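> So TrEMBL has the following annotated:
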SIGNAL    1-21  signal peptide
DISULFID  C29-C35  disulfide bond
DISULFID  C350-C379  disulfide bond
DISULFID  C429-C451  disulfide bond
TRANSMEM  535-556  transmembrane segment
DOMAIN    585-728  domain 'TIR'
Amino acid sequence: YTWRVWAIYMVFAANLSKQQALKQACPSCDAAQLCNCSSMGLDFIPSGLTAKITVLNLAHNRIKHIQSQDLQQAVNLRALLLQSNKISSIDEDSFQSLAKLELLDLSNNSLAHLSPVWFQHLFSLQHLRLQGNFYRDLGESSPFSSLRNLSSLCLGNPRFSVIRQGNFEGIELLNKLWIDGRNLSQYEQGSLKLIKKINHMIINLSNSNVFSEIVRDLLHSVTWLEVREIKLAVETKSMVQNSIRPFRIQKLTFKDAFFTDQSVSRMIVLLKEITSLQELEAIDCVLQGKGLWDTEEIISSGQSFVKTISVINIMIQKFHLFFDLNGMESQINNLERLTIASSKVFMVPCKLAKHFSSLLYLDFNDNLLVNNRLNETICQGAWPSLQTLNLSQNSLKSLKDTAKCISRLSKLNNLDISQNNFGEIPDMCDWPKYLKYLNLSGTQIPKVTTCIPMTLEVLDVSANNLKEFGLQLPFLKELYLTKNQLKTLPGAAPIPNLVAMSVRRNKLNSFSKEEFEGAQVGAVHLSLMECHRSLVVSLICILVFLVILILVAVGYKYHAVWYLRMTWAWLQAKRKPKRAPPKDICYDAFVSYSENDSNWVENIMVQELEQACPPFRLCLHKRDFVPGKWIVDNIIDSIEKSHKTLFVLSEHFVQSEWCKYELDFSHFRLFDENNDAVILVLLEPIQSKAIPKRFCKLRKIMNTKTYLEWPIGEDQQQIFWENLKGALKS
C-alpha cells in the first residue's frame, strides 16, 4: 500500500512539475485549453503539454526543430500554429499522436522538403498551410495521400518551381487550394486532374504557358479560379483542346495582373470556348494599351457565355486616350451584370450603352462621371433593361440634372447616388416611375423636398445636414436618418407603412406621444448615450472627478510630488560634474541624523569634533542650510560641498520619513559615485533588515563594510572618537 501511494505521489509530482514548466515557458495557457505562446522568443516547443490542450499557438518564435517527444502527450490537439518560426527539420513521428488535429500551420518557415511521413497519422486534418518555406517541389509522390478529410491546402513559395504527376494523389475534394507558383516553370500535364472538385483555387503565376496548361486540367474540377501576378502573353493554343463538356469552371479572376491590347483580344476569344464560364473579374490590374482590340477576330469567334464582368481599380496609364470600344457592340448583348469601379471612367458612348440590352446591374462606383457626361452615358434608349444603378463617389453636382438623366431608365428600381456633392435639392425632380430604393447619403443636402419620389420603399439620407423630416411617403418601409441634425422624430402619419428607422447620431432629446401615433413599433435599438445623454455625461464627469481625487489622495499619501521634484533635482544634479573642485569643498562631513538623536549629535559629537585640534567642519541641516532655499537643493549642495557624508543610524533614523528622503538622494547620487565617501555610525544596535528594501546599496554597505558603533562604556568611547576622526581625514 505504501509503495502504491508513493507511486501515485510521484506521478502527481511529475505532472505538476510539467505543468509548472509549461506555465513558466508560456504563462498564457488558460483554463479553456488554449495555449497562446506566440511571439515569446521561444527556440523550442515547451515541455509539459498535456491532453487537456486543444489549441497551441507557437507562431512568431525562433523554433528550429520539432522532436518526436515534443507533442507526444497533446493527443487532443485540434489546432497547431507554428507559422513564422525557423523550422528546418521535423522528426518523422513528431505528429504521430495528433489524430484529432484539424488545423496545422507550418507556413513561413525554412523547410527544404516535405515528407509524407509527417502527415500519415493526421486523419482528421482539414486545413494545412505550408506556403512560404524553402522546398522547390513536393517530391516524387504525394505528401498528402493520407489526408482524406483535407478541406483547404496552401503551399508554394518563391523557390517552388515544379509540380509533378501524382503530387496531389489522395485529395479528392478541396474547398480552397492556394499555390504560390510565381516562379513555377515546370508543370506536368494532368497533375491537378487528380483532384475531383475544387471550389476556389488561387494561384500566383508569372509563366503564361503554365497558366494555359493548368486551366486545361482544371476545367472539370474548379468552380472559381483566381490567378495572381501573371503577365499575360498572347496565347495561341486552345484552352479546352479536346476536353469533354460539360465544364465546371464558372468564375475566373485576375488579380495584380498585366495585360496588353493583344493579350486581351486573344483571351476574350479563348475564354469563349469555356462554355461554363459565367463571371470574369479583374482586380488591381494594369492594362498597357488604348483599347485597340482585334474586334474582327472577337466577333467571328461567336457570342460569349459570360454574364458578369467586374473591373476594379484597373490602371490604364493613358486612360484619356482609351478608345470607345467601337465594334464590340455585338459582344455585350447578353451581359447581365457590369461593375467598373475605381477605374477613372468618365463616360460611356451612347452608341455602346444602347447595346447593353440585357444588363440588369451596373456599378460605376468611385469614378469620374460628371453631369454633362452622364447625359451622354445615359442617353435615350441606353441600358434598356437596367434595374440597379450605382453612381456613388463620382463628381455629380446637380441632383436635378442627375435625376433627369436617370429618369430615362424606365425599369430602374434601385439607385445609389450617395457621396456625390449635390449641396442643394430642388423642389421637383423627374425619376423612373418604378424607383423603390434611393440612397442619397453623404450628398450634403440641407433638407428633403418633394423632389424625393413618393414610390420609394427604402430611403437613405444619412450623413447630411437635415434638421427635420416631414415628407409624405406612403409606401416607405425603411428610413435611414443617421448622422443628421434632427431634434424631433419624423411624424408617423406621413409614413404609415414604416417598418424600420435608424436615427442614430442626431440631436434628439425627447419624444412626444404624437410622434408614435400610427403603426406599432416592433423593435427599437438605441444606445445608452442616445437614450440618456445627460445622465451618461454626468456619470462620466463624476468618474473623472473621482479618479482625479483618488490620484491626488494616493499621491499625497505616498509623497508622489516630493519624489517627482526630487527626481527632477537629481536629473539636474547628474548633469553637473560628479565631484566638486577642491576649492568648493567647505565641510569635512555632511551629517544625516534623526531629530530624535539630535541631543547626541549636537551636544556630544559636534562638540567632540569641532573642538578637536585641528577642528573638523561639520554641516548640520539645522545650522548650515540656507534659509528659503528648497530643501532638496540644500541637501544636494551640502553633500557636494562635503568631503564625507556621515549617517548616524538608529531605530529612529530608519523610521523617519525625513531621513528616508535624504537616503533617497544619497542612493541616487552618492552611492553611485563612491562608496568610500560614506561613514556609518551606529548609535545603537540595528539590524540591516530594518533599513527600507529600496536602499539596497546601504544594506549592502552595512553587510560588507566596517562601520563605527557607539560604545556604552566610557573607556571605549575615546577609541571610537579616534577611529571616527581617522575616517573623516581619509
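Sequential numbering from 1, following the chain as shown.
Glycine residues also receive a Cβ, built from the backbone N, Cα and C atoms like all the rest.
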> Pick out which of the disulfide-bonded residues C29, C35, C350, C379 has the most other Cβ atoms within 10 Å of its own Cβ.
C35
> Enter the number of other CB atoms within 10 angstroms of the CB of C429 (disulfide bond).
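19, counting other Cβ atoms within 10 Å of C429 (disulfide bond).
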> Between C-alpha atoms, which of these disulfide-bonded residues comes nearest to C35 (disulfide bond): C350, C379, C429, C451?
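Spatially nearest to C35 (disulfide bond) by Cα position is C451.
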> Using Cα-Cα distances with a 10 Å cut-off, which of the disulfide-bonded residues C350, C379, C429, C451 are near C29 (disulfide bond)?
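Those close enough: none at all.
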> Distance check, please: Cα of C379 (disulfide bond) against Cα of C429 (disulfide bond), rounded to an integer number of angstrom.
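Approximately 18 Å lies between the Cα of C379 (disulfide bond) and that of C429 (disulfide bond).
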> Roughly how many Å separate the Cα of C451 (disulfide bond) from that of C350 (disulfide bond), to the nearest whole number?
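Answer for this pair: 27 Å between alpha carbons.
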> Could you state the whole-number distance in Å separating the C-alpha atoms of C429 (disulfide bond) and C350 (disulfide bond)?
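Between the Cα atoms of C429 (disulfide bond) and C350 (disulfide bond), the distance comes to 23 Å.
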> For C451 (disulfide bond), just count the other CB atoms lying within 10 A of its CB, please.
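For C451 (disulfide bond), the count of other Cβ atoms within 10 Å is 19.
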